[in-house]
């Protein structure tokens, strides 16, 4: 019976890892694809209209000036930010029951700690405690990273965006070395160089038409800038967590979900204010008219917004469970799998709408180089302690 019990326990552990890992990859892909589809919905509406517009005007990343404003209106309205950050914030308040199910599925997992609850009692005094105010700096980095990343997504397309975004490993490694004085292994630096080579190849884009080359390059630059701020956030979060754990204070150190609440909750408030000041007063021009011009479908648009909300919520849930049970190494590997999946899905669904989304041998090579470098970097650092850093949905 003990042998059978051990085998059953092992089976439950493996099942948990597969479910949480698959959920992390799938929801990450759905999140990016839904965001990209929303941008195309603003640029053409239904499937037949999208193909017509793409063929007649040869739209590549909104390069045609006649349709630049309408095609990329979502990056001006920032309506996408609401379901994205709402899903992340909801994890703090409603994610514990789901995380408890994962923990109960395998008691022999590798969690160092198993908190009874991820939801400490909230109060204004606790939120604005002197030891908590510094956490709001993560919201500043997140705001810039999300806004600039949305520009990169609209210009470069979801496929190229996700591959370039995998290059955040490079900026994170450099910032960690400079700011936190961490030493990377020679193998890690070799994989950082590998990713850099892949990004340089991705930036060249010789197969992109001349009339849209500048647009795609701008998308790559915006995405790299977004990566820089996300990487800065990872370093800041790691610094806060490590410094807080070493201090003897009466106030408990911040948890991952708590950092997520500060970061994503602040971003949600800021974007709501922006939407109330800019988007709502110009709703007819920015939203309604754009949908009418491009024959958009309101129900499909609402469905995509719900898809972003649900995928953001479940993606964060899966992220925290993978970090707790498997560690940061597997997050890096699954991130590479997500990049390849987004690249393939973008080529499948969006090639006729945006030329930079189409598959080519060069893009396939870039995908292989960058993802191999990301996986290698994660495996080379497997002896390092897992770090719990908060993650954004572009």
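Keep in mind that glycine also has a Cβ here, set from the backbone N, Cα and C atoms.
Automated prediction, rather than curation, is the source of TrEMBL annotations.
The transmembrane segment annotation in TrEMBL covers 21-40 (among others).
Counting residues 6+ beyond its ends, the transmembrane segment (85-102) has Cβ neighbours under 8 Å at 16, 19-20, 117-119, 257-258, 260-261, 264-265, 267-268, 271, 308-317, 320-321, 325, 393 in the same chain. Residues or ranges marked as transmembrane segment by TrEMBL: 85-102 (among others).
Among residues of the same chain six or more beyond the transmembrane segment (143-164), those with a C-beta under 8 A of the stretch's C-beta atoms are 32-33, 35-36, 39, 61-62, 71-72, 74-75, 78, 80-81, 84, 198-199, 202, 215-216, 218-227, 229-230, 233, 266-267, 270, 338-339, 342-343, 345-347, 350, 354, 356-357, 363, 366-367, 370-371, 392, 394. Residues or ranges marked as transmembrane segment in TrEMBL: 143-164 (among others).
Positions annotated as transmembrane segment by TrEMBL: 184-203 (among others). Listed by sequence, the residues of this chain that lie at least six past the ends of the transmembrane segment (184-203) yet keep a Cβ under 8 A from its Cβ atoms are 160, 163-164, 166-167, 169-170, 173-174, 176-177, 217, 220, 224, 362-363, 365-366, 369-370, 372-374, 376-377, 380-381.
Residues annotated as transmembrane segment in TrEMBL: 215-241 (among others).
Cβ atoms under 8 Å from those of the transmembrane segment (261-280) belong to residues 76-79, 81-82, 85-86, 88-89, 92, 127, 132, 135-136, 138-139, 142-143, 146, 233, 254, 286-287, 390 of the same chain, restricted to positions at least 6 beyond its ends. Sequence annotations record features per position, and here TrEMBL assigns transmembrane segment to 261-280 (among others).
For the transmembrane segment (301-320), same-chain residues at least 6 beyond its ends with a Cβ under 8 Å from one of its own Cβ atoms are 20-21, 23-24, 27-28, 30-31, 34-35, 37-38, 41, 79-80, 82-88, 90-91, 95, 98-99, 118, 256-257, 260, 291, 331, 388, 391, 393. Feature annotation from TrEMBL assigns transmembrane segment to 301-320 (among others).
Residues or ranges marked as transmembrane segment in TrEMBL: 326-351 (among others).
Note on the transmembrane segment (363-380): residues 159-160, 163, 166-167, 169, 173, 185, 187-188, 190-192, 194-195, 197-199, 201-202, 328-333, 335-337, 339-340, 343 of its chain, located 6 or more positions outside it, place their CB under 8 angstroms from a CB of the stretch. The transmembrane segment annotation in TrEMBL covers 363-380 (among others).
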